[in-house]
Amino acid sequence: VSAVIFLKEYDAFTIQHSSTRKCLDIKISANLSLSTCDSSRTQLWKWGSGHRLFHVDSSLCLALDVQSKTLKVVDCGSSVLLWWRCLDGVVYTVYEMGLMVGDGKVGVKRNTDDTWVRGGSQDDICHRAYQVIHTSQGNSDGAPCEFPFKYYNSWYHECLPDASVPGLFWCATSSDYDQELKWGYCLIPEKGCQFLFSGPEGEFCYQFVSGASVTWHEALDSCRSQGADLLSVTEYDDLKSTTFLEGLDQMPERMWIGLHQLDFSQGWQWSDGSPLSVVRWEAGNKADCGVLNSRRNYEPESCSKRLPYICKKSVNASSSATNDPGVYKETVCVDGWVPWNGWCYKLVKNNSENFSGAQQYCNSTEGGANLASFHSIDSTEMINTHFHADSRLLNVWIGLSSVGVNSTVFKWVDQQPVTFTYWDQNQPSQPNKDNKCVFYSGQSHWWRIGSCTQKLPFMCQKKGEVNESAAQVGCRHEDVSCHGDVCCTCVIGVLRFEQAFINSLIGKLISNKMQYFWIGLQDLKNRGQYQWMSQDGSPGVVSYTNWGFLEPERDGGCAVISTEAPLGKWEVKNCTLFQAGTICRTDLSPSSDPDPDLELNSTASCPDGWRSRIGVRYCYKVFHEERISRKRSWEEAWSFCRALGADLPSFTDIDEMTTLHSVVRESISDDRFFWVGLNRRNPADVSWQWSDGRPVSFDTLHHEFHEDDAYSRDCTAFKSMRNSLTHILIYLLHDVSLTPFLASPFHCEAQLEWVCQIPRGKTPEHPEWYNPGGYHTTSVFVDGAEFWFINSLKLSFMEAELFCNRNDGNLASPKTSTALAKIHQELRELSSSTNQKWWIGLSQPNHQSCYEKLSFVCEKHNVTSVEKSPLEPQPGGFSCGNSSVSFRNKCYTLMSMPNVPFKLANERCQSVRGSLVTISDQVEQDFINTLLPKIDNMESIWIGLKIRNGGPEWVDQSPVSFFNFNPLLLGMHKTIRESMTMCAFLINNPSSGMMGTWDYASCSWYQDLGICQHYADKVEEPSVPQEPIQVNNHTFLLIVKQLTWFEALEECTNKSMDLASISDTLLQSTLTVHVNRARTPMWIGLFSEDDGIHYRWTDHSHTVFSRWSSEPTRSRCVYLDTDGFWKATQCEEERGGAICHKPHMETITKPEDVAVKCPHAIKGPNWIPWRKNCYSFQLNPKRWDAFNKGQLSETCRHHHADAEILTIRNQQENEFIASQLKPFTSLVQYVWLGLFRDEDNETKWFDKTYVQYSNWAGGRPDLNAPFLAGLTTDGSWSLIKSSNFHEFKQQSIVACKLDKASKEEYRQSVKDLQKLDNITYEVMTRSVTWSEALEECSQRGGHLASVHDQKHHEHLRRIVQTDGFPLWIGLSRQDGSGSAYEWSDGTNWDYKINSTDTLTDSNLNPHKAKCVFMNPAGELKKTSCDVVQEGAICYITNTTTPSQRAKLKAAPDSNHCPESSDGASNWVQYEDHCYLFDMSFYNYSVYEMLEAKSICDKLDAHLLTINTKEENDFLARYITEDSLITSRVWLDLKFDLQGRPVSWQDGSTLSYTNMKSESPSTGKSLETPCAIMMAAYDGGWKTVSCDLTKSRVVCKTHAKSSSSHVVLGFFITALIILLLAAGFVLYKKKQPLFSSSVRYERTLDDMDTTSIITVAE
């Protein structure tokens, strides 16, 4: 139960907004909100791996959608950005987007000031980050749990109980257990010794983790996370206990124990602080961590070695802690002895004795004393305070020596128990009968083992008189604790010894709630430099620090001391906002702790070859790769400096950093990382420390440096920074202090250059292997070369060449702009004037100038090393560990660092002791490919290849023997400046053959860091997976035995599987890796039935991927070789195994199920099947060769005799081709479309078929000029003009097609479809609106097409499909009053095309006119009549029927209507009125009422008024038989307020009406009623809305009179009498002149005898 509580609740917390004091909550639909804090499950969060924030209740992770800048919770396996970090309380993610609250809602904002804390505390939410839980057993070699992990599609952030083993809990050690099945038992705290620990025996129980393979630090963390520690041995009997021996029998040969010397303050020690008094060394290499072997002896070992381990736990750990405050006891001693806490000490330095003589002297001469014994760290303070003040650095005997037969156990001569040891570095050595006595060094107080016979000074010790009632003078309070000369009312710590005393005091303050107390340490100037504050405000000396983990984490803060474990650590808090207790201190005497740096002479000189600046107390020497045999690990570099009597650099102020920066910049030109002394290797103190013991009082580290590191980067390297505008802007905008170095954490075994630091005035040591010379005083080092400048000697050009040659160099010939710039800089400083000349190797002097005496510059590439007999240049590798994946001789570490330049990416890899990946062959490339799906959110991943003018090179100097550049790059032009260095990156696209291929760009561009590598300490052993392998949609099984191909097929068949088929890069890569690891080739399912001409898979799947070897091969059966390539051989030959597979989803099961068989030949193209066709996409640089030679027909024929350049027949095929292009979009943009314009101006494909489907992005293109066409990723087609052909070809793929479908239907053009019955169809091929189409069809003597039966409908569909563009037809609805659709030619809509739903579109305005077009798919679609389509279909006929209208226009009759300028009239007269029907006057459009009135007004006419039934019938017939757009016509009718017609608008009486009764549904009153005549419906009238209705316009006016207006009756009478004789005849002949001149001449069939007006007989 306690374990469950620990797992579920220990690391859960609430996220509280500092201002509102509310907590982040998720309750409804996974939406983030703020609620009153109540610690309910909906408010609980946990840190997950990768800095993810896991929500306990929903099991989702907090994420930022970068594109929408929205905050949400998503599946924890999502590829979106999930990491979160803290800075000064701000919780932020990528692009400095931080959590914020605005208007009561939770969101993100760039550079927000909103801060968040853990609920119920003042700590930011990162204060206790991700809780690592280690594992044992299982199948993960002790790898830690991965939280959260997916199990049965649910995410878990705690260990789960194992039902089969009560008391044990398990977790996954990878994020997806369902996929990878990696697990182990959780090593979590338990009370006593129950399930995970053996024992107890005596006070302790033990845990034997035999199946783990972890580093020493990981083993230590595992033990400590359970409340235990690595094994320590304090008594010899510890190694003989029954429990221990039984557990040891389960362990392998060697295992980790708690022995180490990672603390620079002393030598070998136990990690749990126990005294190291049992010493059992066996010979071993120099190293810093200890192992126990099966013989129960110790061996030194590299801490990065991966081994099992033993933990040790005290049964009564909780009760064993003491609250003894360690109060100082006032002691009285006789003269000559020094009192210290109950004891008296005397240093006898004038009488040297051997060990036994010293003990005898103390006992006899000094009154029963003994050689001194020490039992706590404060004893070293006593020695430092009271002895060796005369600076005599003496070695002094103390009372410790080894006893017993084997001399392995150390004991005090006074028989006091050994509770404390303080060994020197690399001590204790293994004692023997001569060397088994211990002395301390007067300089360091460290203990060493020496020969008992040597004579040394010695220290005696005896009990003093304790004055129990005495009070320390100067202490004024009753509750006082004193330590030496310091009295504390609470606690305070300024020295290492004093800190230990303080910790014993504050132990009694520990409670369930963490407590803090202010101490007087503060960053006064906000520069990260912390100083003690005295009472007068002056800064005090910082000689010791005790920072907690990740501290100091900010500049400008104040320090507190914490009661949190580990006890007494210091943390930085906000000086004004944070609340803590107060700490006081009283000094009884002046401080005796001067700054050790003050004792250094800042005016002393530096040793030869060492450099410094005025006022700086240290000198520096840079050991860069040009002058050393090899780069070194941190420990090696530190040992190198120590051998010189120096140390790695440490800093306590900015001036020291600035000095080193200038020294480095003088020595070399480019930015490099150098080891410095800052590290956190000491397991007893997880804070950062300087290797020389100086206090870390100066914050040199940027905030990200303080984060807990998944890669164990516990050592520090600095890189000098060039000042830039960016630095200035950062300083001005962010108010931060800038250091001259970039500090980065590195794995301590990374190989780097280094700098050594030595105090001024100190003479360096001179080991025999060290060569301090070997370089020139004027040397500078640039890009691997040494340049030195000879100014004092003036020589001719030839003499200068000879001089440089004799010094193993040449005249300088800088190869890079960087080197040239550095040389110019040095020349300016060394030259006596601006006119001084220097010889360099680039000079091309004329004959006379060669003899001029000048200064000169020499250059040397093989620089003299500072080491004699250097080691091999390539150091050994390191074990891979759980954070890396091993393959062959390398370890690969997955990183997650998006958008970084090449150099930063490689530096980050160096920090994990490696480099960017180098790829030596196809097998390694395939292994890299298998890692890419795990980092699928990264599209472009740096590899370690740089391309300079001199050629390509790998960053680790490996030979360049393999390339995998994407074939599309070959021949592609990229803009590259001459001075630009290019770097390569991987294309990570798992969905295509592009996966893992390389591209290149400028090294300064930003790509992703996804994979680092380092060399392993051993080559991977051969291995074969015993269980099936799951890859995507396939299960594979590897069979290792000698088999023929047919036997292999039978083996697979017996397992209900098939020989493997390989369809993509990932499958191929995965199988390559396993075959290579098996060290034997294996059969696959590819075989030939025609003796190696064509091949197919045994499972009948298509060969869409190939990996044929370049070696000549042509046989029937194919195997996958260990080099990753396919090779063919005789089926009867034996190979070492077979690969069986079974797809999870059956696709093709029988040969007859295969829709199309695509060919495959060795080294031939891969043909991809789709429906009945096969496609091949050509990526190689020769894909345009045939085109460039004018041999277009040969472009695809050399791949297959029947292949043609790509044709596209329909939308589905277009979408398929676009999908094939998408994976290549980082390199190309188009697939070439093989179409052209023939001599008949028709668009055709190169296979001579017509282009009947198209998808041009800009509508119908103009193809009259030379062109190329390409299909883009969105499926649209683009037209490329001849001026852009070159660029287009670089950015295009050539696709070939085996077209197995019938082409007959594609051999017709639109012209072949013009005639049907007695109708001629014409396609208008210009962009028009519907009314423009109507007008042009009318001008052509026809109408927009109408449809009245299935036959004509299908014909129209065929026309539109062949044309390939949407075309208008004559169907429309011109108003929003709900009227029916009408054909523009006046025919009835008697054939309902498709369903009404086809013409329903909710996106269109219901009150606007809708017109209909037919798309290339043959579908009718409605849209606004103002939309522009790519053309229209007109029809022309000479025959009028109910389904078609002839348009035969006769010459107009003469009448008394208005005339045009040519004397003709377009008006039609009926009785004494004229009517204008001609639509050309109305722009072939319909109008609203007000627009219609306006048009008639401009014609001196008015809208229709109808006074008789005869007039109504005349108008209805004329409009119906000469219809255009619609048969509805406006009437100029006037309505009263009740909506009833009352008169005409001109005021005339409404003498006739044909108003139809309204149906109940349409009879509702209208706000503005108007009237129309519906000609097609017997001329009936209808009330409509004036605002929503559009109708046809017919204007009306009076006809002119036929006789004079003044006729005299007399004149008429006389005329009649005179003509009476011929009256009858004259009347008969002249009758037409006196009758009406208005005639209606029909324009239809002459046989039609029906007439509107009949001639009177």
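Backbone N, Cα and C define each Cβ position, glycine as well.
TrEMBL entries are annotated by machine, without manual review.
Per TrEMBL, the disulphide partner of Cys159 among Cys126, Cys186 is Cys186. Of the listed residues Cys171, Cys193, Cys171 is the one TrEMBL pairs with Cys145, by disulfide bond.
Proximity of the domain 'C-type lectin' (1031-1135) to the domain 'C-type lectin' (887-1004) is established through 3 or more Cβ-Cβ distances under 8 Å for residue pairs spaced 6 or more apart. Between the domain 'C-type lectin' (1316-1426) and the listed ranges 140-188, 340-461, 887-1004, 1170-1278, 1470-1587, the one holding the most Cβ pairs under 8 Å is 1470-1587. Take the domain 'C-type lectin' (201-312) and the stretches 140-188, 340-461, 887-1004, 1470-1587: counting Cβ pairs under 8 Å, 340-461 has the most.
Between the CA atoms of Cys171 (disulfide bond) and Cys159 (disulfide bond) there is a gap of 5 Å, rounded to the nearest whole number. Per-residue pLDDT, averaged over the domain 'C-type lectin' (1031-1135), rounds to 89. Here the Cβ of Cys145 (disulfide bond) has 29 other Cβ atoms within 10 Å, regardless of which shown protein chain they belong to. Its own atom aside, the Cβ of Cys186 (disulfide bond) has 26 Cβ atoms within 10 angstroms in the protein chains shown. Its Cβ taken as reference, Cys171 (disulfide bond) is surrounded by 29 other Cβ atoms within 10 Å in the chains shown.
A 10 Å cutoff on Cβ-Cβ distances gives Cys159 (disulfide bond) a total of 25 other Cβ atoms nearby, all chains included.
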